[in-house]
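*Asks:* Handing you this structure, nothing more for now.
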Amino acid sequence: MWRRAGARLHLAGAATGAGRSVRRRPPPPIPSAPSSSASYSPPSRHSNGVFWGSVGAPCRRLSNQPSGGGGGGACWSCGATGAFLSCGACGSVQPVDPAVDYFQIFGLKREYNIQGNNLEGKYKDWQKKLHPDLVHSKSEKERGFAAEQSALVIDAYRTLSNPLSRALYLLKLEGIHVDEEKTINDPELLMEMMEMREAVSDASDSQTLEKIQSQIKGKLETWSASFQEAYDKKDFERAVEATQRMRYYERAVEETVKKL
């Protein structure tokens, strides 16, 4: 926990885990792609705002993948196969395909660690293709498709570029919904957050705030690594717990940003 001793600040160890009972719920209405099945079978109860649905649920096939992905559905305008967002043959913008998940939009594997995959560059490439200046002369129907696709690409980028939202999205694709407003019943963690806020409030210079922020980010990275390990092992109980801790530390970072 955060403690003040004169002008010095110290950060104690990470909070301990809390109870994690869960109950089944149908998968959320989020497009999914084939994934390996998990051996974990959650109990049919609910706790900590976590709902379990089907894991590794089947999905519809993609019409195509960006960056030279495989073929799929036909273009609504020219009939060419392999149309994805926009047709490679005639350039027509395609309607939103609900079978496409955010990772597939950017040609990424469905995994937590996406560093080195040039997500920002792929996002900008799609936005260029869907820019209003490039579709202003097209039909009202196609301009509508472009607006919908552009909004989808923006939402996909924002979701995948943030570690916490990316983790939550991966869980949703597995049929697991986490209540983001559920409070963790962990006195040690809650006390740590309270003392951290006091430390931020009392900080009188940017150097102190930056030091606090660095310590909080270290905690966030620790739980981020914990999520990746749990997710890779299909240990979804631990993965959910990690996202709950990540949320608290992300909000703590936001507190320091506001003060700075």
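Placement of Cβ uses the backbone N, Cα and C atoms for every residue, glycine included.
Unlike curated entries, TrEMBL annotations are predicted automatically.
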*Asks:* Out of 13-45, 46-78, which range is noted as region 'Disordered' by TrEMBL?
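*Replies:* Based on what TrEMBL states, region 'Disordered' spans 13-45.
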*Asks:* Kindly state the mean pLDDT of the domain 'J' (101-173) in the predicted structure.
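*Replies:* Taking every residue of the domain 'J' (101-173) together, the mean pLDDT is 93.
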*Asks:* Can you tell me how the residues of the domain 'J' (101-173) break down into helix, strand and coil by DSSP?
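*Replies:* Helix, strand, coil within the domain 'J' (101-173): 52 helix, 0 strand, 21 coil.
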